[in-house]
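Colleague: Mind looking over this structure? Questions follow.
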Amino acid sequence: MTKKTLAFASGSDHKTKEMQMLLSPFGYEIVTPKILGIPFSPEETESTFVGNSFIKSKELFRLTGFPSFADDSGISVDALGGEPGVLSARFGGPGLSDKDRALYLLNKLGTNHNRKAHYSCVVSFVDANHQVSFEGKVEGLIASDYDELGKFGFGYDPIFYYPEFGKRFSEVPEGEKNKVSHRKKAMELFLEWFQTIQ
């Protein structure tokens, strides 16, 4: 089977690896701006995951001509009015590490008994004939502390407890997490649609 190329608008090696794992069984190969040697840093100015995802996919399609997709994802905490949401990667200010951002969130949430949270991912796709988006979510709880021992995941995974696993995402190997992840759910919807236009 000949591999088909899709351009993925991300500079995150973690996300690219996760997307490639999800796409390879379907015969798709991912290229990124980094792989193509293209400078790529569009400003994410929208207030929704959908809006920010489209900023990236439209710009990558404009630059490369490849069918392009992007994701915008983050974590939303009920007791914080949906924060950090679209600001997940910048929560707490510039220059913070993933761990610092997670600790900042824990501190902001404090002892609030409402620990409900969800990860959201919106995947948008743009080519000459289409502009579509798909959303996936995974519901969980914010733990009371930061998992220093977990070997897996990234971002807010060390504080995101997934009741169905009885574990935090940082304690779950990528293959297992990918079965339920917000990104996988959005990608499944995308792939289901994408195969109908082939």
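Note: Cβ is positioned from N, Cα and C throughout, glycine not excepted.
Pasting the feature list from Swiss-Prot:
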ACT_SITE  ASP72  active site, proton acceptor
BINDING   SER10, GLY11, SER12, ASP13, HIS14, LYS15, SER73, PHE154, GLY155, TYR156, ASP157, LYS177, HIS182, ARG183  substrate binding site
BINDING   GLU43, ASP72  Mg(2+) binding site
Colleague: How big is the Cα-to-Cα gap, in Å, between SER73 (substrate binding site) and GLU43 (Mg(2+) binding site)?
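Modeller: Cα to Cα, SER73 (substrate binding site) and GLU43 (Mg(2+) binding site) are separated by 15 Å.
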Colleague: Cα-Cα, whole number of Å: ASP157 (substrate binding site) versus GLU43 (Mg(2+) binding site)?
Modeller: 25
Colleague: In three-state terms from DSSP, label SER73 (substrate binding site) for me.
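Modeller: For SER73 (substrate binding site) - judged by DSSP and reduced to three states - the answer is strand.
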Colleague: Compile a sequence-ordered list of residues in the same chain as HIS182 (substrate binding site), six or more apart from it, whose Cβ lies below 8 A from its Cβ; state 'none' when nothing qualifies.
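Modeller: The list for HIS182 (substrate binding site) reads SER73, HIS118, TYR119, SER120, CYS121, GLY136, LYS137, VAL138, given in order along the sequence.
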Colleague: Which residue, of the binding-site residues SER10, SER12, SER73, has its CB surrounded by the fewest other CB atoms within 10 A?
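Modeller: Among the binding-site residues SER10, SER12, SER73, the sparsest Cβ neighbourhood within 10 Å belongs to SER12.
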Colleague: Going by a 10 angstroms cut-off between Cβ atoms, which of the binding-site residues HIS14, GLU43, GLY155 has the sparsest surroundings?
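Modeller: Taking HIS14, GLU43, GLY155 as the binding-site residues, the minimal 10 Å Cβ count falls on GLU43.
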Colleague: Please identify, among the binding-site residues SER10, SER12, HIS14, GLU43, GLY155, the one with the smallest Cα-Cα distance to the residue listed as 'active site, proton acceptor'.
Modeller: SER10
Colleague: Would you kindly give the Cα-Cα distance separating SER12 (substrate binding site) and GLU43 (Mg(2+) binding site), rounded to the nearest Å?
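Modeller: Answer for this pair: 16 Å between alpha carbons.
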Colleague: Counting Cβ atoms within 10 Å across all protein chains shown, which of the recorded positions ASP72, ASP157 comes out on top?
Modeller: ASP72
